[in-house]
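The structure appears right after this line, and notes come after that.
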């Protein structure tokens, strides 16, 4: 199996082996970890099935138009993000630079999340699973205290994996096991992106398709677990009252936006390797719908497993109470079952109330267990791992689950790296004699060295910061300027003609309206709402502090000023490139005092490639 | 004869009853969870099982201290409930109507816990001596952590893949370079030696412009005048 050398077109640009590879790469980029651990959570807290309404509205008016825009731009102008915006107008080159900057920042921390997945994966080959038992303390008289007070799963995540510090200002030391895993992850990324799309195109067949297989297996397994139906009912029961809360609409809009990986520049890079005569409209609709369907499809096994976990938690709670009661009253075993527990309790409470009060029984409520909603890393590394322990054959389930997460994240990493790689290849700074392998190697090496700071004790706090500030706000700004740039600088009429060149039909009224008015307006509203919500309360984080009085609850701490400064820097840095880079042509223009036109000449750029 | 025996045993029985009661000095509570441990194979707790228990405790005492002469009759059980739980106490055979100190009993039981558990087909959790803690055995850990082994396998696969691709890339590049230098060499050679093709000197033909068949070229200015 040898990878053929690049088969260049007349313009020397590599291309996809076939259309399926391209579609799969876009889908793989869009479908990531968020589809599995953020969408089900949002569904749960925002009224179950009712959340789908704002979600699909946002998809229709924000997701699909923006996606089509990016794919058409890349395909028409056949350059990476920086080159594309430079072609549209030298003043707008900053948008491309901003996209590139965001891709760099996100690649740095995203691969560290994959490092955690890899660490759990290589620990899944043991019997028993290391997160199922608490280790003993020093003198072997009992279990380790931190582990005993929280749970074994929490202990393994916070202590054995992250070795987390109680405060973000305490950096702790570099965790050598995480460094090893980080090196491996970057090596895998290098292996797959070594020659750009020639190698990622082959890798994507595995990384994009395998997660669907595993999701199906988990679906079948999940539905057979006890309590699965409770979880699913809880998830999908619509509560239309939540739609009155604007927060729900904001979450739907942001979820669609971030889920489709818009404004990273990766999609532009992917479509730039397409032949010009390609139906980008159909591609955009396909990718967006597949992404949303995947989110829905993934929430079914996730919620089956969560329902199972809630049910077993509820049963455990009941069982513990039952044991306390039969021990206290010396009743025969199995006299109190879960079904007649309430009958017994009321009977005993009426006859021996002091004794019952003395037992300090916990109130067991299935709804309470179901209400414990978690998203993000907590869902995967704490909740799901706990559920896996309870399944028969846990090693196999753990291995499958973590390979699936790894593939989901890796295919998104391809898009991120491509968003970094492609614009660099087009810069004149990088001489043509540097082979692609060397360039990708340098990118991966530098990223690995910078990402080492995420393997410190406080690393996961920093990743949360990067995720909340670098991977959210700048994207909204960049996307807004993208739509404005195309609709009002490049002009929609020209763009429609370009798209008609590529797809063979004029974009219909839906596209015209959304590109011109609805999408920019929607983005503006979302941006304002987002900023307003962020400003309302001082940014805080939840720290894992074993010395906290209410341990195992997490301690709410406020960010110190220097950390806040970094947060603002991360959010502002990519956005500031937009006006900053626009200054250069302005200065040039003032220097030469010529009269270049603000708008590019009336040449249909797409047509130029067909000659 | 019988009346004499009764007269002797009666006070002993009363004394024994006084020794074994809940929360008595040197008495321990035991709790068994037979159904939890054995499910359908659970046995019923009857007088025979009690006899076995007394025997195991006596065995434990004897094993713990060689001097001990504990008999089965020295172990007293009382307050047996349906749970199954009861209190027991070990009387001293040498001294009259006293109980063996709790610390000794505890040490003896702890030393022989495994034997006692397996006699009843139960475990630490299902045969509980409520005041006696046990040292927990550490989990078995292999010399090399398993995850390091898996990590080594994964990393070597990746490195092999990278080396393969990089070397492949270098070879392709060498081949491309060799091909282009060969082509250059051929062109050079063409200019030095007078290669003749179909009677027309090659230098007369404009090689760089592609394949031009001089016979059919209509452009007279291409050829040197004959």
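Glycine is treated like the rest: Cβ placed from N, Cα and C.
According to TrEMBL, the residue from A:239, A:278, A:291 that belongs to the Na(+) site alongside A:28, A:30, A:31, A:35, A:259, A:408, A:412 is A:291. Note on TrEMBL: of A:20-39, A:140-159, the range annotated with the feature transmembrane segment is A:20-39. Residue ranges A:374-395, A:396-417 are listed, and TrEMBL annotates A:396-417 among them as transmembrane segment.
TrEMBL tags one of the stretches A:329-351, A:513-535 as transmembrane segment, and that stretch is A:513-535.
Counting residues 6+ beyond its ends, the transmembrane segment (A:438-463) has Cβ neighbours under 8 Å at 104, 107-109, 111-113, 115, 162-165, 167-175, 178-179, 182-183, 186-187, 189-190, 193-196, 377, 417, 420-421, 424-425, 430, 541, 543 in the same chain. Outside the transmembrane segment (A:248-270) by six or more residues, the chain places 22, 25-26, 29-30, 32, 34-35, 38-39, 42, 46-47, 51, 54-55, 57-59, 62-63, 66-67, 70-71, 73-74, 80-82, 84, 96, 99-100, 102-103, 106, 197, 242, 287-288, 291-292, 295, 412, 415-416, 418-419, 421-423, 471-472, 474-476, 478-479, 482, 522, 526, 529-530, 533 with a CB less than 8 A from a CB of the stretch. When Cβ distances are compared across the two stretches, the transmembrane segment (A:396-417) makes no contact with the transmembrane segment (A:51-73), since fewer than 3 pairs at least 6 residues apart fall below 8 angstroms. Highlighted: of the candidate stretches A:51-73, A:174-192, A:204-228, A:513-535, A:204-228 has the greatest count of Cβ pairs under 8 Å to the transmembrane segment (A:20-39). Highest Cβ contact count with the transmembrane segment (A:51-73) among the listed stretches A:94-122, A:174-192, A:469-492, A:513-535 falls to A:513-535 (criterion: pairs under 8 Å).
Apart from A:28, A:30, A:31, A:35, A:259, A:291, A:408, A:412, the Na(+) site neighbourhood in this chain, defined by C-beta within 8 angstroms of the site C-beta centre, holds A:27, A:29, A:32, A:34, A:261, A:294, A:411. Same-chain neighbours of the transmembrane segment (A:94-122): 33, 80-86, 161-162, 177-178, 181-182, 184-186, 189, 263-266, 268, 377, 380-381, 385, 398-399, 402-403, 405-406, 409-410, 412-413, 416-417, 419-420, 423, 447, 450-451, 454-455, 459, 462-463, 466-467, 470-471, 474-475, 477-478, 481-482, 485, 570, 573-575, 577-582, counting only residues six or more beyond its ends whose CB sits under 8 Å from a CB of the stretch. Sequence-distant contacts (6 or more apart, same chain, Cβ under 8 Å) of residue A:30 (Na(+) binding site) comprise A:259, A:260, A:261, A:287, A:288, A:290, A:291, A:412. Counting only residues at least six positions away in the same chain, the Cβ atoms of A:31, A:32, A:33, A:35, A:36, A:207, A:211 sit under 8 Å from the Cβ of residue A:408 (Na(+) binding site).
Within the same chain, residues at least 6 positions away in sequence whose Cβ sits under 8 Å from that of residue A:28 (Na(+) binding site) are A:204, A:207, A:208, A:411, A:412, A:414, A:415.
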